[in-house]
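Per TrEMBL, the features are as follows:
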type	residues	note
DOMAIN	203-370	domain 'Hflx-type G'
BINDING	209-216, 235-239, 257-260, 323-326, 348-350	GTP binding site
BINDING	SER216, THR237	Mg(2+) binding site
Amino acid sequence: MDTYITQEVTKERALLVGISSLPQLTRSVAEEYLNELELLADTAGAEVVSRVIQERKQKDPAWFLGRGKVEEMEHLIKGGLIDIVIFDDDLSPVQARNLERVFGCKVLDRTELILQIFATRAQSAQAKMQVELAQLEYLLPRLTRLWTHLSKQKGGIGTKGPGETQIETDRRLVRKRISFLKKKLRDVALQHATQTKERGEIPRVALVGYTNAGKSTLMNRLCPNTGAYAEDRLFATLDTKTRRLQLKINKVVLLSDTVGFIRKLPHRLVESFRSTLDEVLQADFLLHVIDSSHEGFEEQIRIVTETLQEIGVEHTNIINVFNKVDAVEDKEALRSLRQKYPEALFVSAKRGINLGVLKDAIGDYISRDYRLRTLRTHISNYKLIGYLYDHTEVIGKKYVDEDVILKYRAHYRNLKQIDARIAAVEKESSHVA
Ligand SMILES: Nc1nc2c(ncn2[C@@H]2O[C@H](COP(=O)(O)OP(=O)(O)OP(=O)(O)O)[C@@H](O)[C@H]2O)c(=O)[nH]1
Ligand SMILES: [Mg+2]
């Protein structure tokens, strides 16, 4: 009985808030989004006790919701039932500050919640730095809001008043830390690039997909002894794990498990996880793992595709793997799915269904003479870009911020040499920078 009570007390009670806006964002879609937000809240350790969905065409610049709704919620919160309010959409710094003041409790938006989950789940030094960077960049424009809390607590003790000067100092410190982390992460990425290049000719395959699709389970099945962490939670995996996968005698690939994607994955987070996701860019091809038992799987496919585009990966070298077929009850739906995606594979990682077929498909892919690769580099890295144009067949080019992403084709026999040259040029240019 006692333990029961303790648990009740320690879990924060959360109220979830979403908006529906016709015609596209129907109430049932908004409900589905809140289901996912509830999973996120649960992963973060909160207990969802209530939900609010308001129909609204426009977001109020000061309150996000309508003033009447805010007052209604205020009563609910002040009734003592709610410790934290979580919005499915991003709040502006002003909206968050206003709502916190009225509600008198913590107010988070989806981005903050995801950042918090990442922060508690990060294991490696690299993942920790990546999350901290994303958090600080999120925090920077919101420092005033944080400061309101601090000044209340401190009650004006000390010589420096809680005015603009203190905020300026904080901003400077945060900026300094941001550039420190960026530099550190660049160093790690470089080291990592050199290491992966040394793996030479072995083809690389990366598992990508929506969070909870079953990537780690598949990895564990294909490469026993991996010990990849699989769980019915969102973002179980944050660090890339790479293992050798023996297909047949003389046929080996390196298989990597990666962080899952989600709807509205904060852009900053994608950016700062770039070095982890490098594994995805470096891969010869990708296995896109899809949870075919999830009702929103089509949207999940779209979101993964968009996120991949954001980090610079194109479609052509992707094999769709529909997982969890054991959990699909509607066999007719499964049949039409096979028709719609004739190239895709249908497996169950958990029950070990069709994994032989999957391995054969990987084998077929790597037997092709040419490999598709992607490389991301700074636009000023002329030497590297020129090298790729001279020695490989560049078939795609895209600009993202100050980087260029080149997609190229090369004979597999030349890959070792190309990789070594890329590593050497990258090393040279980083010394200059
Ligand atoms: N029924 C069924 N469940 C599966 C299958 N594959 C994985 N699962 C379950 O789905 C849940 C998520 O699996 P994970 O392997 O952690 O998923 P993930 O894609 O690595 O998730 P993240 O690391 O969070 O991105 C776990 O509870 C698995 O047991 C499958 O083929 N069938
Ligand atoms: Mg995982």
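Using N, Cα and C of the backbone, Cβ positions are placed for all residues, glycine too.
Because TrEMBL annotations are produced automatically, they should be read as predictions rather than curated entries.
Residues LYS215, taken from the binding-site residues GLY209, ASN212, LYS215, ASP239, VAL259, LYS324, are distinguished by a CB atom under 6 angstroms from ligand 2. In this structure, the binding-site residues that sit close to ligand 1, with a C-beta under 6 angstroms from any of its atoms, are ALA236, THR237, chosen from ALA236, THR237, ASP239.
SER216 (Mg(2+) binding site) has ALA236 nearby among the binding-site residues ALA236, ASP239, LYS324, SER348, counting only those with a Cα within 10 angstroms of its own Cα. Here the CA atom of THR237 (Mg(2+) binding site) lies 18 Å from the CA atom of LYS324 (GTP binding site). If you take every residue in the domain 'Hflx-type G' (203-370) and average the pLDDT, you get 86. The Cβ neighbour count for LYS324 (GTP binding site), using a 10 Å radius over every protein chain in view, is 24. The sparsest Cβ neighbourhood within 10 Å, among the listed binding-site residues (ALA236, VAL259), is found at ALA236.
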